[in-house]
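S.K.: Just dropping this structure here.
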Amino acid sequence: MAKDDYYELLGVQKGASEEELKKAYRKKAVQYHPDKNPGNKEAEEMFKKISHAYEVLKDPEKRAAYDRYGPAAFEGAGAGAGMGGMRGGGGFHDPFDIFREVFGQQGGMGGGIFEEMFGGGRGGGGQDGADLRYDLEITLEEAARGAEKEISFRKLVACERCDGSGAEPGSKRVTCPTCRGAGQVRRSGGIITFTQTCPTCGGMGTKIEKPCTVCHGEGRVRRTTKLNVRIPPGVDNGSRLRSSGNGEAGVAGGQNGDLYIVISVQEHELFERQGDDLFCEIPIKFTLATLGGTIEVPTLFGKASLKIPVGTQSGTTFRLRDKGMPSLRGGRQGDQLVRVHVEVPQSLTPEQRKILEDFARVSGDASEPTSRSFFEKAKKFF
């Protein structure tokens with residue numbers, strides 16, 4: 001290692017800036033990292049060399065000594081060794097420590113650098129919390145007008161004692177001694193070398209010196225949580241409302257999960273929903289159906305006037321514009337469809353009976369049904 005030119009190892013000029021050194025080291029470290037070159041001793045040795053070279057050149061004092069005396073200033077100095085020919089120096093670090101320092105992973109590769117090396121993510125960072133589902137039943141009135149509901153549910157939250165770290169106050173997380181912070185370890189199966197999640201740290205890259213006495217190192221505890229949920233007008237059965245970050249807490253810096261509120265609308269005693277339209281049936285007196293008039297009908301937004309034309313038949317459907325459900329996606333509000341059912345009196349007073357008999361006598365043939373299509377079609381059955 002002492003005979004190598006440190007600048008050449010990193011591929012930079014002698015006057016390279018600190019940022020240029022760091023950029024060059026990142027590129028070389030990714031190229032020669034042992035995890036990217038399993039079983040390749042030459043790559044592993046080169047990884048150690050470039051790590052040692054970078055550690056020397058990034059330190060102004062060590063770099064000055066190297067520029068003056070060359071590699072001889074550090075003869076015998078390697079990963080974990082003393083400074084050798086340089087007086088007053090401290091020891092060198094493990095090459096993996098240098099790697100973690102540069103890539104800022106607090107004890108392991110993860111996120112962007114691992115994706116850069118292998119095209120995917122892995123352990124060494126926090127674990128995201130799970131998403132949760134809450135089934136919420138509301139009335140049709142609440143679905144039409146919108147509402148605000150308070151819900152209560154149990155979930156994993158960050159431990160109050162350790163603030164989610166899993167470590168007892170005064171203790172801390174340290175680099176996992178098994179995987180050296182990588183979150184994975186290499187295993188050999190005959191001629192095949194493969195990686196697997198570190199059994200010591202579970203892929204976190206760190207372990208806890210002294211677990212928290214409340215959460216026992218989990219970093220999370222189960223608690224009952226209350227949350228106010230705003231329900232927008234127009235929701236329907238199966239509508240999902242997302243409450244970002246209100247799922248279960250992440251572990252070791254991982255993001256919280258989300259909470260999904262799934263809506264269920266109760267059946268209504270009067271209205272039936274058909275998309276954004278509402279349907280209802282109302283009874284009217286046969287005198288109103290015959291003579292016509294105006295009545296008030298209920299809607300989800302109050303009363304509305306409905307004009308009944310003269311001679312309205314039972315089963316006739318009327319449309320009240322914009323009295324249906326609001327559209328969840330915006331746009332025009334639905335309508336309310338009103339089907340009338342003409343009620344025939346089941347009992348009559350003597351006076352009422354006489355009036356109807358007089359009506360039947362003076363009507364003659366005019367009392368026959370005005371719509372004869374059904375009877376014409378039914379003749380062949382008699």
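Note that the numbers count up from 1, one per residue, in the order the chain is shown.
Glycine too: its Cβ is placed from the backbone N, Cα and C atoms.
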S.K.: Looking at 230-250, 314-334, which stretch does Swiss-Prot describe as region 'Disordered'?
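M.R.: Swiss-Prot lists region 'Disordered' for residues 230-250.
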S.K.: Let me check one thing: do the repeat 'CXXCXGXG motif' (159-166) and the repeat 'CXXCXGXG motif' (198-205) come into contact, meaning three or more Cβ pairs under 8 Å with sequence separation of at least 6?
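M.R.: As far as Cβ distances go (cut-off 8 Å, pairs 6 or more apart), the repeat 'CXXCXGXG motif' (159-166) and the repeat 'CXXCXGXG motif' (198-205) do not touch.
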S.K.: Which residues, given as numbers and ranges, are at least 6 beyond the ends of the region 'Disordered' (230-250) yet have a Cβ under 8 Å from it?
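M.R.: Those are 126-132, 136, 138, 142-149, 155-158, 164, 219-220, 256-265, 273, 276, 325-329, in sequence order.
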S.K.: For the C-alpha pair, I'd like the distance in angstrom between Cys159 (Zn(2+) 1 binding site) and Cys201 (Zn(2+) 2 binding site), rounded off.
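M.R.: A Cα-Cα distance of 19 Å.
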S.K.: Rounded to the nearest angstrom, how far is the Cα of Cys201 (Zn(2+) 2 binding site) from the Cα of Cys212 (Zn(2+) 1 binding site)?
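M.R.: That separation, Cα to Cα, works out to 16 Å.
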S.K.: Among all the protein chains here, how many other CB atoms are within 10 A of the CB of Cys176 (Zn(2+) 2 binding site)?
M.R.: 24
S.K.: Hey, what's the Cβ neighbour count for Cys179 (Zn(2+) 2 binding site) at 10 Å?
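M.R.: Around the Cβ of Cys179 (Zn(2+) 2 binding site), 29 other Cβ atoms lie within 10 Å.
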S.K.: Going by DSSP assignments with H, G and I as helix and E and B as strand, what are the residue counts for the repeat 'CXXCXGXG motif' (212-219)?
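M.R.: Per DSSP, the residues of the repeat 'CXXCXGXG motif' (212-219) fall into 0 helix, 0 strand, 8 coil.
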